[in-house]
Amino acid sequence: MRSNYCGELRKKHINSNVQLCGWVDRRRDHGGVIFIDLRDRTGTIQITIDPDQGSELFTVAENLRNETVVQISGTIRARPSESCNQKLKTGEIEVLANHLEVLNQIQGNLPFSISVHDDEPIKEELRLRHRYLDLRKDRMTKNLRLRHEVLKTARNFLEQENFLEVETPILTRSTPEGARDYLVPSRVCEGDWFALPQSPQLFKQLLMVGGIERYYQIARCFRDEDLRSDRQPEFTQLDIEMSFMSQEEILGLTEKLISSIWKSVKGVDLVHPFPRLTWQESMDRFGTDRPDTRYGMELKNVSQILKGIGFKVFSGAIDAGGSVKCITITGGNQLISNVRIKPGGDIFSEAEKAGAKGLAFIRVRGNGEIDTIGAIKDNLNIAQKEELLKQTNANEGDLILFAAGDTTTVNKTLARLRQFLAKDLDLIPFKLNNEQWNFLWVVDFPMFEFNSDENRLEALHHPFCAPNQSDLGQRRLWETNLPTARAQAYDLVLNGLELGGGSLRIHNPDLQLTVLKTIGLPLQEAKKEFGFLLEALEMGAPPHGGLAFGLDRIVMLLAGEESIRDTIAFPKTQQAKCLLTEAPAEVSKKQLKELHITSTFIKNE
């Protein structure tokens, strides 16, 4: 039906006869000559309809509406110099049409304009309700093309590194120690349920036991969890696993993979190896295990300096085993008012969202003098003040913000304020496409964290991460040493966002059982839930490890978008709904009966 794509035509095609198909982006009538901007997925080109080419052709063109689907034949010619459009790649040429056929008409009114000439914002709800129209817009076309380029580059790289692409099951079993599963009832096995995979974790480990050695998959994953801008109930992972590789070898190969993607998509040569931070160092310096290193304001622990000054908020936190930490805002005296820091202010509100009950602050004046509340100023001696200013690197005109309490809350508070103030003070362009790509690895995570609600340890990543061998010690000390051991786990962070992560895996069945016992799974339950894995580990499992990247998030960053919904063809809302198909939806009583399910939910009419 067509000989060329609209956006691929150039001056070299002048005098060529072409057949084009696409949508009418807009139509203009100028003094008896009709101009049509014809659009397909590659771009737009100007079509000229001259009445000299025939009255029937002209009549059809006169009645065209935007988004009508057409086929046009004609000859490419140069535009007059005064009418060239340098903003378009096809702006130096046009097609003089000699044939126009309407392939499909528009019925009714469009819910929003799709034209490349219309930049008026459209509500996301409307875009998602009519996603098939939104996909025609240049923004979405570019994002999906970019997504394709990322996948193509990743596949090519992994093929060259001798990886096999292997699919793992979508219908699997529900296992503990993860997010909430999406469950699927079995009609054949009455009363039993499948779960949709949260990741291919156990299957890719079994592939390593099976001797595949190097595996990858563009994996669909499902998690029934509360959503935000960078989360979806179903999402895509670039999933990788390999045998007989050390942690450093895995990180090195991953850096080459990421570098190949950035080079292909952005033309950027990334410098690697990427910096490494231990988990503890990241928490100490940034208050988070996903640090953004494009700006300063690093956390400083000033507990030792301030523990004896007589300010109950500080001393009480320290005496209770917590800490006092702070961040320094360069030039903050001029940039931030007291009103913003006190109750009711936006900075105070951000701190409250992280769990803080209050904020303290010091303004640094000339000659090392400070302004602060009396309870701090009156009890801070000269030596303490000098040491505080030295440790915080604070100078005249700077503002120091303090948080006190349990260390976890203090870290969350200052990490949140650090990110909020970086955006508020425009320390970095927050459109995320500023070409500043600060990659880093966070390594040496704790194996476990304490779940106070359930009064037990739980795996910080998952219970299949291998512990650091130097922390583990001899076999008889495993149960004693495991709770405080570090995991051989690693996360890749870019500009404050986690791109993905992984670990070396446990390949010793006894150690795996001990880890499951540590998180509170009795022997019989462990064998019931993970017996297939434990049995496989007894059959000569090789040392192995891997990682997974969130494809949607990578594309979001590369595209300069603020939500992964703009990188997915048919995303869900933050309520996990598809506005286009109105899923999820009720099913018939007959379907429920076949599945042996009775609903107890009473729907409000």
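Placed from the backbone N, Cα and C atoms, the Cβ positions cover glycine too.
Note that the coordinates shown come from a computational prediction; the quantities given were computed from them, not determined experimentally.
Feature annotations, courtesy of Swiss-Prot:
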BINDING   E177, R223, H461, R505  L-aspartate binding site
BINDING   R223, D224, E225, Q232, E498, G550, L551, D552, R553  ATP binding site
REGION    201-204  region 'Aspartate'
SITE      H30  site 'Important for tRNA non-discrimination'
Among all the protein chains here, how many other CB atoms are within 10 A of the CB of R505 (L-aspartate binding site)? 25
With ATP as the bound species and R223, D224, E225, Q232, E498, G550, L551, D552, R553 as its recorded binding residues, calculate the greatest Cα-Cα distance and give it in Å as a whole number. 20
Among the recorded positions listed here (H30, R223, R553), identify the one with the smallest other-Cβ count within 10 Å. H30
Least buried by Cβ count (within 10 Å) of the binding-site residues E225, E498: E225
Excluding its own, the Cβ atoms lying within 10 Å of the Cβ of L551 (ATP binding site) add up to 24
Taking DSSP as the reference, which of helix, strand or coil describes E498 (ATP binding site)? strand
If you measure between the CA atoms of R223 (L-aspartate binding site) and L551 (ATP binding site) and round to the nearest Å, you get 15
Helix, strand or coil for R553 (ATP binding site)? Use DSSP. helix
Which recorded positions are spatial neighbours of R553 (ATP binding site) here, meaning Cα within 10 Å, out of H30, H461, R505? none
Tell me the Cα distance separating H30 (site 'Important for tRNA non-discrimination') from R505 (L-aspartate binding site), rounded to the nearest angstrom. 69
